[in-house]
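According to Swiss-Prot, the feature heme binding site maps to HIS130, TYR134. The region 'Disordered' feature in Swiss-Prot is assigned to 133-152. What Swiss-Prot lists as topological domain 'Cytoplasmic' is 1-8, and the listing cites sequence analysis. Under the heading topological domain 'Periplasmic', Swiss-Prot lists 30-152. Residues or ranges marked as transmembrane segment in Swiss-Prot: 9-29.
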Amino acid sequence: MQARRKTRLYIVLAVLAGLGLTVSLTLYALSSNIDLFYTPGEIIYGKTETRALPHTGQRLRVGGYVQPGSLQRDPQTLDVRFKLYDARGVVDVSYKGILPDLFREGQGVVAQGVLDGERHITAQQVLAKHDENYTPPEVKNAMTPEKTGAQP
């Protein structure tokens, strides 16, 4: 009887250890694919709820409006630099590639990339809004002073 209990205990412990290892490896694999959404103000001052700041090297998506007069193109390459802003702040974005047709100053965009410095994002992808009347909800909420805590 005791030998049977010991065998069952070892089997249960082995199954639990295997399950724990599987969950750990799955969470580790998924964490490298998560891109959190930030606004320029949240990159500078932290998330409104938690005050958590993104760290250098973190993959993220940043949404805001292209600041008028900030677009700089290198005529020899596909390098582009511009600034994104919201009601609370401004961040620099650099991108190498062809921009979407709807990309222009004053329009809402989402840049997906890596935070290289305190206020600089190196984007791998830039998405422009697709319609004159559409603004992504995250960007719309970031631009309203009552949502951001900014004073009018």
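Along the chain as shown, the residues are counted starting at 1.
Including glycine, each Cβ sits where the backbone N, Cα and C put it.
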Long-range environment of the topological domain 'Cytoplasmic' (1-8) - Cβ separation under 8 angstroms, sequence gap at least 6: none
Composition by DSSP (helix, strand, coil) of residues within the topological domain 'Cytoplasmic' (1-8): 7 helix, 0 strand, 1 coil
Helix, strand and coil residues within the topological domain 'Periplasmic' (30-152) as assigned by DSSP: 19 helix, 44 strand, 60 coil
